[in-house]
């Protein structure tokens, strides 16, 4: 069925009970503190992207474990700061790519930090540059089941922490106004944005498009599409590990982070999206803790959602809230 | 077989005999003259794309039959002209989309005219805005067999002519240096660029990426992939029309236009490209009539070819030749 | 799920609210009047199909805009008229094909007019011979979204009108009894038959098999299969045009025509039909305005429905009502 | 590769060495004699197919083992005989279907015997009515490997013999001219027609379209498509039986039958046919023992080949040779 | 939807009404009696499988019609009997394969009879050795519709009877304790095990994994996957035979056999199993007539279910009940 | 094409030039020495697998970096050693699974060490238990491109070293004859076996089935199938890294290890194997440095090759050479 999930009316009221572990906040407070404890500098190196109107810096900042994380900082060439900043995270399997792929926000007068996802970047697009120096136990292909038996070892613990540290980093860079930072991203990038907004309630705004990484149980029950199906594949082999898997994922669920967010939130959702089913997106959206929240609905799209149509409403949202 | 076409060494020497009708030049000279005879103004209307560093104009110019063709003109906001211009044509099924999707050349100091393809623009991306007011006989789904029994009625006669008129148009716009115009495009856009370069030998440069629309016979024999397979599908039904089909396509073959080009040419080709098989690309490249020609080879890519990796070499090429 | 739509019991009672524009009848009365106003003759030319027991005429009649529409008229060779007639429309993508493909009704003593669908006929089978001289705006591949932003320009406005004019034409041909004309067709052909039965309440009977072109909204929500998915694809690109699209389609919906039909109606439906989902067929069937209506249900078939099994019940139905 | 087999020029000269067992003729002479020895009557029962111009008889004749085989006999209603006859065999998986599906030859003045294939008829179309009362050893799904370890037990030994007995039967029916009998068929039907033409050199003509069942070894090496791939699947499991399999198939290969044919032969072949690859068709065609042989080539078709386009040339061929 | 069937809670209570013919018991009592009436010896021949710790016998026993059925008997080499026995039936399309594929039960101290399925064994794995000497009417590819118009002629009547006779046979073999016999199998093998447990209520235990062959109507409505879809395919052609088909299948439905079973039963089910949908498995499980019944649920598996994870719980179950 | 690679005759003579880096031996001598330098004990713990005739030990030994690697040691329960041993490596994505899956060699009187592959074991089957504690740079999904820019960091450097250390380990275990050790494996397991045989020329025999990991360049050119296509996918993104990739893989190519092997070698190859194309297998086989080498060819199989049919010839080979 093309619109295979709940009806639009049901989605608007969809507030499932998502189990949250008691030590969720302790776990994450400790994680962020530990990462910050590693210290390390933010390195900002100008690169020649062949552009005259836009400048590009290659940024390296310390993420989880103090590991070096790469990002592009893209800014208008002929404007003096301090600029408001958009910290953007990337969709599953992709990397920060090449600088000229990210000109929109800068052309609109924002500083734009495009953050690599560790270990990813070889699945599509123009590549990433950030290793993940941490190994893992038996895992199904992909990233979602790496370290899945223990929240402390799970891949996305590191990735979410990198996201927090990306905001920490951009706030230290000359020419950026640290009080005017938004987080954004599509799919996995949207999931990371939600997590960061939950961990850093003082970000000014969050704009997750068709976000991934929310309400894992529902996703596994309702869709065969990757990447959620990586969990299914893992459980189809490791039949004895279901409890441990669900426990680990309860530390990583976007719904729990959404509850803790305080920023204005602009979501989008597509009703034919098998990759990030609409009910999983609404589960996070309906739990959003910020006073302002909006969601744009694409009834006839799959996971591509609004694509470039997101630019105008997101820009309007950022100009209002950041 | 992943690299399913000729070997790299064979491709470099591949110069097939492509039949060219005797009245090829007459046909095209008449076609272009007729289109220019329709006259009509170039309309340039500033639009608000939400950008501060880049300006966008919505351009309407008269194409084949004087029909109104739409394009975006994207330019640096803070630079005074006259600017060199890149006229870009779009891949099969897409439209000019939204202005902020086309910021690279402008951010590098060029004027960039992004030309809609008539009737297309609803297959992927953010849409197009240009109708094709001309009907057609029985045709297989897609555009390649519309009017295929007569070169005068074929869809691509109109599209190539629109391309010529796009160059005519950009040369009239204030702030553009009419002597410094290049044509470019990917896939179908590359095929149109080759045709325009053949019809307007005074364009300064042409940059076709993984171009479509060359050596149709070879394509039909070697690949099942669309859009070339639209021809196959048509012939599989209209078994009696093969001669008429091949005759019509001989007026539209990129190899014939490549022979007539005099501009510098920068091609790219992907060795695993089933959509635009490498031998069809080399057939045009090896026939290229310009004194400067280069081709970048992507041995491990399908039709996506170099994607964003094309930006840097294309920019270097444009800076040298335009 | 194999039987993926409503249950048989629900289908029998399925009477959804379908929005009908206020000027629906004005729109169509005007359209038909305008087409008839173009005048034009019906040309009937005997062709040699190699047959001794059956004669074949190549018929050309004026359709929408007075455009020439082609049809085969197939009749028993050794019977004197006047004969009752079946006017048949073709499934999506096909054409009238070759005369010997249509011998059943003539062998049973009927005159049989097999009507081409303009612009179609190159997708499968033995081809069609009728162009559509009208162009269109950006459209997704296929015919369903051509002119979709304005009912006056929509492709099916022309096709339905051609269907009305086909009945007009057959009634003028020597040897046909103008009072004894039925309309029939499968899939798209069934949808056209419904429209014609709604526009010409005096046809004697209508036999739509697994009809297409009814209850577009439901279709888009419930199936990913073409051709309904052409609408989805269009809307997935032109996200801003949904209202205009639904408005246009409200002038073309089989449910509205079914309400206006007065002829006896014989429908068929297949419960595993993803192409024309059963609920869309029942929506038209349950709205049928004729006093006699029957529906044959194929619980274990997809869109092929009853195929050749339709011949016997349709013949019985025609002998009774025509 | 769309045209994946040998080039057209190579195909015209393709005469592979096909091993033929020494006792091939003994085997088949004995087989036919044994079947004829079972005797049995030909039953001809008029059925009401709802037609006025064409009559239909339900024919039952004794096939291999004297087993009852069903066929439709379709004739013009208003013509007195004796008529020339076309005996047609059906494609793989289909049955004789419903009588009104077979009106072309009768409408052209021929008697047309449409022969069921034992055990088949439930895969597509309107069904068959003939059981195969003989079981088999382990076999891959389908019919090609039933009894594959012994030519005496192979399914197609029975089917080919049924084909011979169909000709025997039609020659006994009132109103048929026994000297004017042709055999025909598409795909499997074409393969049976070749076998019957080899076993009964006095049939007047044979018209195999895109025939199956020739040059099995080549087919297995070159295509993954069913039904030839049934052999591959069998051998992929029963790795030890390859010699026995090839030995059995050597008694059933269309090339050996083609050598023995003396009738005029009209073949057709499609160059993109993965089901019956062109080289396997040419292997039989180039071995054809009749003095007249022609082949129609469809360069842009898959296994559908000429479809309804075959009717006119086949009719011309039959009128000339039968 | 990944978990596409009823919810876990609904499944536990799922007890659909399954029509059972009045003469069900008569039919089966007669069938078994007739088979036993054929008499015939059980042949046990030692084979060299290259093993030192395990012995293997090639067993041939008389099945339905007295036809010879093959099986492997695998036993510990260094243990004196009498041993408890597991009679195992094979999944659809496979055969008994090679002896060393079946070492687990013997290594655990059981005698293990691995029974071929007549006519099968060429679809996957290492093959089977048992023919089915009985033919059939028109049937869709596969085994499920062979003889489907008459329960007396249906393929599974023979197969179930072979299963009963396999238990009869193993009870006669030296070194086996006839009172300690269990039946087991996966998919089709599980369906046969259920049937045998219903026909021989004195078997000690039954262990059907993800069993096939239960609640055919539900299966046809809910899944497109083979082999249940063989029924759909048959009915999609033979539209007139639905009543006869459902009547025949009512003699073969696992739910009816489950009601009659008295042995302890250990089932397994997978919630993402499209081949044997969970509701069809629960329909049999919830009807199970034995006092002990358990079911292991695999929520994240498709038809592979528990695979090798079934060994430990099955062994524990067998040690307890056999 | 079903047999898509070189012909059988060409394969037998296929000896491509494979570039070998000058420091290949230094690299590997150092790698093995470093791993051995980590020391560490071999832990052998008896587990209860429910079996009476076979014993199972859970073995943990130090691999690359001294990391703990898990394996099952499966032996006949009622035989006193010292036993000859088969060290087996697992196919791509799988783990050592459950002990009762590995009973064949033990039932034939061998000790059988079934070695986990680090980080794998969650793709199919019953799982693995060995983490890979080493991270990696951007990589395409799967294991083949982890660390692909530097041979010292490549995943298979660690895996091959684990294989060497598995042989080291089994030679230290009580009841094993250290002079009688063979290596074996299928697909990836066969590739590891070749590498170990090249690094430890004193192993008595090697039995690689349809081995993976040889002649990477050919594989990438000829097949789209995973896992070789992981390289293609990586290069399709990281277009600039081709030289580094081929350099790294030259340290890991099975052809280079095969040259250095001195053990008897029993290979198998399948001519329709798209996963490990026959030419890549023959490239290693024809380079094999041992005096005895044999290859079994499966002409009609894909990557499943001989499956269980390999057991008998492998057992015969092991009894002769070990």
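In case you wondered, yes, glycine gets a Cβ from its N, Cα and C as well.
Here is what TrEMBL says about this protein:
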{"type": "ACT_SITE", "residues": "E:187", "note": "active site, nucleophile"}
{"type": "ACT_SITE", "residues": "E:273", "note": "active site, charge relay system"}
{"type": "ACT_SITE", "residues": "E:303", "note": "active site, charge relay system"}
{"type": "BINDING", "residues": "E:92", "note": "substrate binding site"}
{"type": "DOMAIN", "residues": "E:1-320", "note": "domain 'Acetyl xylan esterase'"}
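A sphere of 10 angstroms centred on the C-beta of the residue listed as 'active site, nucleophile' encloses 26 other C-beta atoms. The shortest Cα-Cα distance between residue E:92 (substrate binding site) and any of the active-site residues E:187, E:273, E:303 is the one to E:187. The residue listed as 'active site, nucleophile' sits 8 Å from residue E:303 (active site, charge relay system), taking the C-alpha atoms as the reference points. The C-beta environment of residue E:273 (active site, charge relay system), restricted to residues of the same chain at least 6 apart in sequence and closer than 8 Å, consists of E:210, E:281, E:301, E:302, E:303, E:305.
Secondary structure at residue E:92 (substrate binding site), taken from DSSP and collapsed to helix, strand or coil, is coil. By the criterion of other Cβ atoms within 10 Å of the residue's own Cβ, the least surrounded of the recorded positions E:92, E:303 is E:303. In the three-state DSSP scheme, residue E:303 (active site, charge relay system) falls into the coil class. In the three-state DSSP assignment, the secondary structure recorded for residue E:273 (active site, charge relay system) is coil.
Averaged over the domain 'Acetyl xylan esterase' (E:1-320), the predicted model has a pLDDT of 97.
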